[in-house]
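If you check TrEMBL, you get these features:
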BINDING   Arg88, Arg127, Ile128, Gly129, Thr130  phosphate binding site
BINDING   Gln206, Arg208  substrate binding site
DOMAIN    48-292  domain 'Nucleoside phosphorylase'
Amino acid sequence: MTETTRYSGGGLVHIKNPHLEAMDEDVLYHLDLGTKTHDLPAMFGDVKFVCVGGSPNRMRAFAQFMHKELGLEGDGEELADICAGTDRYAMYRVGPHGMGIPSVSIMLHELIKLLHHAKCRDVTIIRIGTSGGLGVQAGSVVITDRAVDARFQPRFEQVVLGDVVVRGTDLDGGLVEELLACSEAVPDFPTLVGHTMCTYDFYEGQGRLDGALCSFSNEKKLQYLKRAHDAGVRNIEMESTAFAALCGLCGLRAAVVCVTLLDRLEGDQIRASHEVLQEYQQRPQRLVAAFIQRRLGLRAAAGNTRPSSD
């Protein structure tokens, strides 16, 4: 069975689950929120942009950075974790999704339901993360135009009740172009558009030679990575196909913006210093900040300040 992306009309966030309508209460367990225990429309009904990433500390720093960039009241240092009642995720109206497809999938199911229950409209959701580059220099920011699997196909496969369900992984092309145009506001690092390959594993699944297991030679690894590059892949991570599939099916315009920590054609291990990696991780945040500022008609973001490196 194959399901394809369909953006919804009216800007609403749609859930494709008829069983939810019959439920007296929807407990968003991993977010420590619920439809009876919280006034979700009051808490989240005005949300237009959702930014998610893998690390709680990184997303807290991004929330504080956006607080400053948008000129909000206060210094942002006392931002509260909305999901403080659970240790699964954290949320500062910006939130982390953990590592890999299972974690991002759980988060998205509950986040999308949250946006639906809150009656949000015209929401844009952006994954901000790190990745391994493919034929691009370390520190480059890749805006994903197509999320592909390990066979370079634009699809997300999941086994549901013993059957393989295939979902499309289309991303919004207009959003890609808009983000690329915003890179002019942050010209001190390279930004490009390319395919992102999503794998289920950091080691063998991405052709690394340095895991506890390895069943292939360096030659085979390079042949595979070069095939990926020839297919248009410019970076590799572990969330984009699930992210694109779920967001698209529920009517959310979505984008993936990741920095590359190394060029995988040159090696497997990340050897840059902590300070360099911290600065790299701030680059997609700065690009997304410029995008949000432009969407809101705020000041030009050229030379925008950098997020905290906590």
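Start at 1 and count along the chain as shown; that gives each residue its number.
Cβ coordinates come from backbone N, Cα and C, glycine included.
Caution: TrEMBL annotation is automatic and unverified by curators.
Mapped onto this structure are the features recorded in TrEMBL.
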| residue | record | Cβ contacts under 8 Å, 6 or more apart |
| --- | --- | --- |
| Ile128 | phosphate binding site | Cys51, Val52, Gly53, Phe62, Val257, Cys258, Pro284, Gln285, Val288 |
| Gly129 | phosphate binding site | Gly53, Gly54, Glu237, Glu239, Val256, Val257, Cys258, Val259, Pro284 |
| Thr130 | phosphate binding site | Gly54, Glu237, Cys258, Val259, Thr260, Leu261, Tyr280, Gln281 |
| Gln206 | substrate binding site | Gly132, Thr199, Ile236, Arg264 |
| Arg208 | substrate binding site | Phe202, Cys214, Lys221, Asp268 |
To what whole number does the mean pLDDT across the domain 'Nucleoside phosphorylase' (48-292) round?
89
All-chain count of other Cβ atoms within 10 Å of Arg127 (phosphate binding site):
28
